[in-house]
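Asks: Structure provided below as structure tokens; questions to follow.
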Amino acid sequence: MDLFEYQAKELFAKHNVPTTPGRVTDTAEDAKAIAEEIGKPVMVKAQVKVGGRGKAGGVKYAATADDAFTHAQNILGLDIKGHVVKKLLVAEASDIAEEYYISFLLDRANRTYLAMCSVEGGVEIEEVAATKPDRLARIPVDATKGVDEAFAREIAEKGHLPAEVLDAAAVTIAKLWEVFVGEDATLVEVNPLVRTPDDQILALDGKVTLDANADFRHPEHAEFEDRDATDPLELKAKENDLNYVKLDGQVGIIGNGAGLVMSTLDVVAYAGEKHNGVKPANFLDIGGGASAEVMANGLDVILNDSQVKSVFVNVFGGITACDAVANGIVKALEILGEEANKPLVVRLDGNRVEEGRKILADANHPLVVLAQTMDEGADKAAELANK
């Protein structure tokens with residue numbers, strides 16, 4: 001989960017990373033009030049999860065509270081690379097002597113953590129990597145050892161930070177590592193990390209990506225969810241612990257196991273070529289649990305997608321046997337009642353498949369169509385979606 005800057009700075013404050021005071025708001029009037037409270041010049045910053053805010057006019061210096069009001073009026077509603085500004089961060093402006101770059105990230109290619117540091121901050125780091133690669137240090141981090149102040153100083157030194165700020169920078173870099181590990185992040189980035197005229201080190205910006213797989217360890221992270229930007233169906237699925245991704249097709253997909261669901265998407269897309277270009281409407285993996293409740297929740301999400309014209313349930317029985325899946329489908333249809341109003345093609349295979357098919361056949365639900373193979377099921381679901 002990508003965070004807004006103001007949310008990243010909340011985590012920075014939690015771990016004592018030095019930054020500038022400020023508050024988030026969604027009105028120009030409140031922006032003025034915050035500037036008055038701070039009592040000094042402020043920065044009015046658009047809160048969007050995309051780079052290039054400054055070039056797009058989304059970051060402005062305000063010498064007075066009235067300036068903050070005017071800038072807030074202009075920035076709210078601004079479209080920055082397809083992201084409409086709905087919130088602003090009003091933060092105390094800082095005198096800047098130098099700008100640096102620091103980040104910690106998960107280096108998937110090398111299966112390790114990576115620190116990146118550069119004396120060339122305040123610009124796109126990709127530009128530095130392309131034009132001045134020798135100015136960008138990449139330092140692997142041993143997960144078993146982490147980053148203490150001594151190693152943080154080494155990171156700063158390799159990033160060519162001036163000798164007179166190495167100690168202060170090391171303290172901040174070590175605290176940023178605490179954010180990275182303590183919050184189960186996959187990215188913590190500060191650009192710029194600034195040196196003030198009196199040699200303070202401040203995180204003026206912040207970018208944090210949290211690992212959703214660690215949400216169970218951080219219930220407090222739920223408050224960071226951007227509900228306005230999240231598809232309501234994906235939000236509903238997440239609330240029910242369903243692994244769901246919305247796509248742009250007409251055939252709803254339910255399967256058990258990510259590999260089977262991915263294969264089902266391919267087979268449905270192929271079958272759809274014969275039926276006016278019908279495509280899969282979603283990815284939905286119910287995993288090993290096909291209880292009535294899980295199946296009902298999955299169907300509820302898919303059937304609430306107005307684009308869906310048919311549903312293909314493709315399950316291979318293993319630990320969860322096919323008869324349990326079939327009972328789950330029957331009970332789910334009972335639970336949903338009239339909300340279940342689209343044809344449901346079901347293909348079962350594997351453990352206790354005959355018993356599962358018999359349960360569905362005996363139920364004789366008017367919406368349920370049985371298929372013997374995945375290809376047959378995909379073709380039938382695509383055909384029904386094209387009617």
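Sequential numbering from 1, following the chain as shown.
The backbone N, Cα and C atoms fix where each Cβ goes, and this holds for glycine too.
Grabbed the feature section from Swiss-Prot, which reads as follows:
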type	residues	note
BINDING	LYS45, GLY52, ARG53, GLY54, SER94, GLU99	ATP binding site
BINDING	ASN191, ASP205	Mg(2+) binding site
BINDING	ASN256, GLY318, ILE319, THR320	substrate binding site
DOMAIN	9-236	domain 'ATP-grasp'
Asks: Across the whole of the domain 'ATP-grasp' (9-236), what does the mean pLDDT come to? Round it, please.
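Replies: Summing pLDDT over the domain 'ATP-grasp' (9-236) and dividing by its length gives 94.
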Asks: Do you see any of the binding-site residues GLY52, ARG53, GLY54, GLU99, GLY318 whose C-alpha is within 10 Å of ASN191 (Mg(2+) binding site), and which ones?
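Replies: Checking Cα-Cα distances against ASN191 (Mg(2+) binding site), the binding-site residues within 10 Å turn out to be GLU99.
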Asks: Please report the Cα separation of ASN256 (substrate binding site) and GLY52 (ATP binding site) in Å, rounded to an integer.
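Replies: About 41 Å separates the two Cα atoms.
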Asks: Could you tell me the maximum Cα-Cα distance in Å between the residues recorded as binding substrate, namely ASN256, GLY318, ILE319, THR320, rounded to a whole number?
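Replies: Those residues reach a largest Cα separation of 11 Å.
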Asks: I'm trying to understand the geometry here, so how far is the Cα atom of GLY52 (ATP binding site) from the Cα atom of ASP205 (Mg(2+) binding site), in Å to the nearest whole number?
Replies: 13
Asks: Rounded to the nearest angstrom, how far is the Cα of LYS45 (ATP binding site) from the Cα of ILE319 (substrate binding site)?
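Replies: Approximately 52 Å lies between the Cα of ILE319 (substrate binding site) and that of LYS45 (ATP binding site).
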Asks: Which residue, of the binding-site residues GLU99, ASP205, has its CB surrounded by the fewest other CB atoms within 10 A?
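Replies: Among the binding-site residues GLU99, ASP205, the sparsest Cβ neighbourhood within 10 Å belongs to GLU99.
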Asks: Restricting the comparison to the binding-site residues LYS45, ARG53, SER94, GLU99, which residue's C-alpha is spatially nearest the C-alpha of GLY318 (substrate binding site)?
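Replies: Comparing Cα positions, the candidate nearest GLY318 (substrate binding site) turns out to be ARG53.
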Asks: Could you work out which of the binding-site residues (SER94, ASN191, ASN256, THR320) has its C-beta surrounded by the smallest number of other C-beta atoms within 10 A?
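Replies: Among the binding-site residues SER94, ASN191, ASN256, THR320, the sparsest Cβ neighbourhood within 10 Å belongs to SER94.
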Asks: Could you round the CA separation between LYS45 (ATP binding site) and ASP205 (Mg(2+) binding site) to a whole angstrom and send it over?
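Replies: On Cα coordinates alone, these residues lie 10 Å apart.
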Asks: For the ATP binding residues given in the record (LYS45, GLY52, ARG53, GLY54, SER94, GLU99), what is the largest pairwise C-alpha separation in angstrom?
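Replies: Across LYS45, GLY52, ARG53, GLY54, SER94, GLU99, the two farthest Cα atoms sit 20 Å apart.
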